[in-house]
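> Below you'll find the structure I mean.
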Amino acid sequence: MDAPNASSSYDTIANIIRDSHATRVVVLTGAGISTSAGIPDFRTPSTGLYAKLAHLKHLPYPEAIFSYHYFKHSPELFYAIADVRHPRNLKPTISHAFLALLAKKNLLHMVVTQNIDGLESAAGVPPEKVFACHGSWDTQRCITCKEPFPDDRMKEAITQGIVPRCLATDACDGIVKPDIVLFGEPLREGFEEKAEHKVVEADLVFVMGTSLKVHPFANLPRLACAGVPRVLINREKVGDLGNRKEDLCLLGNCDGEVRKLADALGWKKELETLWGAKTEHVEGNETDGEDYTVRLDAAIDKLAGMLDESLSISKGHKSMLERHLTEKLARLPKPPERDEK
Ligand code: OAD
């Protein structure tokens, strides 16, 4: 059977929504819905953050930068690139505005996002309709005593690329971490109730801008009940999307696909107006264009330098220990010669 042509897919989805077959829409999102705001995703070959980090020969693997174990050991590496991942002055995209429009029309059951940029809220999605399962940059605390750390001091540390230290007591001096979820940390509380249960209750599921490579998020689309349409909006197919007969795949850029869908729904003008209202006060993306690429590349160069340095320090430390051991052994009394008789 031929795949349905794209325009019929938009009409099919529009009909499902317009005919009130869907009133509990769940949207599962990833980095791909924010790339047009200026933040590169992780896994797109050549432009994704991990492709850039893969060139760093002393980093054990690209994701290590976001591993809790590695962070505890070498937080300065995370803070070397924190400034270029931190969402300042970002404009929500038209895809984020589409989520806000679904909420405005009382159709949105929940947005479950892996993103930590807060752009759903910036677009006007009510806070109770967003579950950011990988946390956010909004708050931070000491990883030792868990004491919250002031926002202004955190901003300063991020801008300067230095590791913030706990101010609670002189004795603590623990490392401060934004309340984002690193690999190896438990997910934010509420995953079962605000993500898994919501997908089970959904009557329409959108999966947008994610490679579905990170668990347990990656398993969420499978929880949609049989017969519930699942719509993938992404550059390529991911997970098991497309395997069920009611699945629909809109392959392309999120913003372009969302505009076409809004057109089919008769919502285009309303969507553009809502988006305009949420973005006009934002002066401009700090991450716009070439400037951002230059900043990102500079941050990655800095990281490479830090890794080289720490390796040469540890090599120096090792050879110092070896020298020390050789000298110590030389000073020990010689063992008695073994009697061969
Ligand atoms: P990925 O970078 O793994 O995947 C992004 C997906 O979006 C890819 O399939 C891209 O092709 C697609 N994409 C990119 N830009 C797009 C656009 N404008 N329109 C449509 N599709 C686009 O990002 P995530 O799936 O979000 O976790 O990654 C999941 C997690 O891995 C992140 O939350 C992060 C990362 O390691 C942690 O750091 C803990």
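Backbone N, Cα and C define each Cβ position, glycine as well.
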> Cys142, Cys145, Cys172 show up in TrEMBL as binding Zn(2+); which entry in Cys133, Cys166 does that record put in the same site?
Cys166
> Relative to ligand 1, which of the recorded positions His134, Cys145, Cys166, Cys172 have a Cβ found under 6 Å from one of its atoms?
His134
> For the recorded Zn(2+) site formed by Cys142, Cys145, Cys166, Cys172, which further same-chain residues have Cβ atoms within 8 Å of the site's Cβ center?
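Apart from Cys142, Cys145, Cys166, Cys172, the close residues are Ile143, Thr144, Lys146, Glu147, Arg165, Leu167, Ala168, Thr169, Asp173, Gly174, Val176.
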> Near Cys172 (Zn(2+) binding site), how many other Cβ atoms are within 10 Å of its Cβ?
13
> Can you tell me how far the Cα of His134 (active site, proton acceptor) sits from the Cα of Cys145 (Zn(2+) binding site), in Å?
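His134 (active site, proton acceptor) and Cys145 (Zn(2+) binding site) have their Cα atoms 21 Å apart.
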